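Positions annotated as domain 'Inner membrane component' by TrEMBL: 133-183. Sequence annotations record features per position, and here TrEMBL assigns transmembrane segment to 136-159, 241-269, 326-347, 359-380, 386-406, 427-449, 461-481, 528-548, 578-598, 644-670, 682-699, 705-725. For 358-476, 580-722, the entry in TrEMBL reads domain 'Sodium/calcium exchanger membrane region'.
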Amino acid sequence: LDVPKATEPRGDSDGPRRGSLCDRHCAAINNVQGDLSDLGPHLHRPRVLPAMSPPSCCQQHSEEVCESCVVKTTLTAENVVEANKLSNNYKFGFKKWKSHVTARPWEDRSEIVKELYSDLNVIRGSGGSTVTCGNVLYLLLFGWWLSFIYVLMAAMMFITIVGAPYGRLCWDLAGYFLWPFGKVIQKVEVPKSHRALGTCEAGAETSGAGESSALLGGPVPRRWRPWCWADGRHWQRAGAVVWLCLGYPMLVLAHGLVCVTAWLLVVLIPVAKLNARTITRVLLLPPEQVVVRRLRMTEVPLEGEVILCCYRAVNPYYYKYAVDGINVFAVNLLPLVLVTLVLGYVDSHNRLTSSPIKFTLALLSIMPLSYYIGMAIASISAQSNFAVGAVVNATFGSITELTFYITALIKGSREGNRCYAEIVKSALTGTLVGCVLFVPGLCMVIGGIRHQEQRFNSRSAGVSSALLFLSVGGVFAPTLFSKVYGKLVCGECHNVTQNPLGHYLCHNCHFDLMENNGTLYYSHVQPLVYTVSLLLPAAYLIGLFFTLKTHTHIYDIHISGCHMPGHHHSAVVHWSRWRALVILLLSTLCMSACADLATEHISPILTNSTISQYFIGVTVLAMVPELPEIVNGIQFALQNNLSLSIEIGNCIAVQVCMLQIPILVLFTIFYPTNFTLVFSDLHVYASMFSVVLMNYIFMDGKCDYFQGTVLVMVYFILLAVYFFAPSPSGC
C-alpha cells in the first residue's frame, strides 16, 4: 500500500530555506509523524498520522518565513518490516521493490484478491450465467477429453465387477468435468447401518434411501451395491485395490497434465486448483461418500461437506497471485532455469538443441533469477539495520549485469576475440540509455493513462541527475582524451580524383592508441582510466552520505501505520534473513551459470546474424536483465508514485557508471582482457544526448504521458540508429 496520500509541489525557494524557523516549527509540530531521517533503523513501530494537517504550522508564521512549509508524501505500512522496506525505497543506492516482503493481513485485502486465495468450496449466490468465454475455453482445452477419459475408466471399472462402485463414480465425474460450472461435489456421511455391508437388507436399505433438496435439484442417485451377495468388507477392499492400481494412476496423470498446463497459463489457475483438489481429495474418498449435484438458485443450505464448487474457469486477476511472497510468473519461470542448466551442461555438443535456442533460454532464465535476487535483497534490507542493508545493496545490487559482463570478457580473452569487449560496451551503453529514456518514459506513459498529471520530487531527482552528469563525464573522459591525442588510422583508402593530392575515401577508421609501442595508451590513457575508476566510486559514496545522512529531508517522506491503535499486526515475513541469504547466494550461483551459457552460445548469433552487434548489445543483453525493475517502475507509476519510477532508472544508470564500469576496470587489472574504457562515437553521443534530454524533461517536477512519449520515441530512434549501424571493428 505504498501509495502517496498527499503530495503538493514545493515552492521555488524550497532549497535555501531548509534551515528556516518554519522548518523547525514544522518539525516540532509534526514530530509524531516521523521523517525519513528519523525512521531508518530506529523505527520501532508504525505511527498513525494525527488529524492535524501539516500546513497548520504555516498559519503561525509570516508568508516570507513559511515558503518552505510543504505537504509531505505520506505512505502507509502494516508493520515495522514493511515500513523499513518503504523507507529503503526512497534511499539512494537501495533497490526499489514494490512487492510486499511480509504477509498482508487478510482483512486488509480486497475482495478480488481474497477470491484468488480462496478454496473452490464456497457456494455463492446467483452470479449470472455460467456460459462465459472462459468456461467455453475450458471445454475446448480440457473438458471434452477429460470427460472421455472418465467414461473409459468407468467402463474399465464396470468390467472388473469389483470396481463397479468406482465405475459409477467415474460416470458421474465424467459429466462433472465436461462442464463443472454451477455444479458441486459433496462428501456425505454414510449411516452406520449402511456400513454393515454383510447383509442384503442393509444394501437394500441403502439403495432405497433417497435424499432430496430444493438447492441440489432432486434426489441423490442410487448406486448399485454388488456386495449384497458377498462379504461387503472384502468386496470393498478388492474394489479399492483395483481402483488404486488401474483407475487412479491414469486419472492422476490426466489431472496432473491439466493442472500443470492451467497453472502455467496463470489465468486458468482456478482450473489447476480444481484438478489438484480432485487428485488429493475426491478420487481418494470411498465412492459412496462422493455425490455430484447441480446447484439451483435457492438458499437452502447443503447437507455435508462441499469439496468442489467452481463458477469460472478464467480469472484475469491471477497476475497478482503470489506463492510465499513470490509472484506467480517468477514461480512459473523457475523450472526454465533448471531446463536451461541441464540442456546447457549435459548437451554440450548441441545434439538436442542448437546454440541460438540455448542462448535464448539462458537469457530468459536471467529474468526470474533477477526477481529472486531483488526479493532477497529487499527482504534482508527490510529486516536489518542501515549498514547491513547498504552493504547488501552495494554488493549484490549489480550482480546480474556484472556476472554477464565478466563471463563475456573472460570468454573473449580466451578466444582472443575483441567482439566480446565491444558487446559489453554496447550492453553498458544500452543499460544507461534504456534506464534514462525508456524506463521513465514508459512509466510516464502508462501512469499517464490513469493520472492526467503526475508530480515527483524534483530535488531528489536532481541529486541523481547531478550524479549522472558526473558519471557520464567521467566514463567518457578517456574516450574524449583519445579522440584529441590519438592518431587516426584507416583500414582502406581510395583516391577519388585519381590525383595524388586529391580527395581520398577511407573506411574502418579509428584512433590508434598503440602507436610507438602503446606509449600514448600506457602513459596517458590508462592512468586516466584508473583515476576515473577511483573517483567515480568515491563520488557514489559521497552521494550516499549526502542523501542518507546529511540531507535526508529532501525526500519528504512520512511512514504511517494503516491500522487503528489496538489492531496492530505483527510482521510475518515471507523470507527470513537466513532464508533470503541462502536464496540470494543460490540465485547468484545460477545467474553465473546462465551467464556462462549465454556467452558460450552467443558466438553463432554474432557471426551469422545480419543484425548489427551494436543493436544486440543495447537491446537484448542490456534490457532483459532489467525487466523486473521495469515492472516495479510501472507498478509505482500506476499508483501515482512516479518519484520511485524515475529513481529506479536513475539509480541503475548511476550504478552502471559509478560501480559496474570501475569494477570491470579493476577486474581487467587482475585478469587481462580486451576491455578498454574507450567507447565508439555512437555510444558517446547517444549517452550524452539521453542524459541532457532526461534532465530537461525532469526540470519542473511534473510530467504527463506526452513527455513520456517523447522519451520513448527518442529511445526508439536511437535503437534504429544502432540497428542500421555497421558492426564494430573486430566483430
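Yeah, the Cβs are placed from backbone N, Cα and C, and that goes for glycine too.
Under DSSP, the residues of the domain 'Sodium/calcium exchanger membrane region' (580-722) split into helix, strand and coil as follows: 117 helix, 2 strand, 24 coil. For the transmembrane segment (528-548), the residues of the chain that approach it from at least six positions outside its boundaries are 91-93, 386, 390, 460, 463, 467, 470-471, 474-475, 477-478, 481, 554-555, 654-655, 657-659, 661-662, 665-666, 676-677, judged by C-beta separation under 8 angstroms. Broken down by DSSP into helix, strand and coil, the domain 'Inner membrane component' (133-183) contains 42 helix, 2 strand, 7 coil.
Same-chain neighbours of the transmembrane segment (359-380): 85, 88, 95, 97, 99, 101, 325-327, 329-330, 333-334, 336-337, 339-341, 343-344, 388-389, 392-393, 396-397, 399-400, 404, 573-575, 577, 580-581, 583-584, 587-588, 590-591, 594-595, 597-598, 601-602, 605, 620-621, 624-629, 632, counting only residues six or more beyond its ends whose CB sits under 8 Å from a CB of the stretch.
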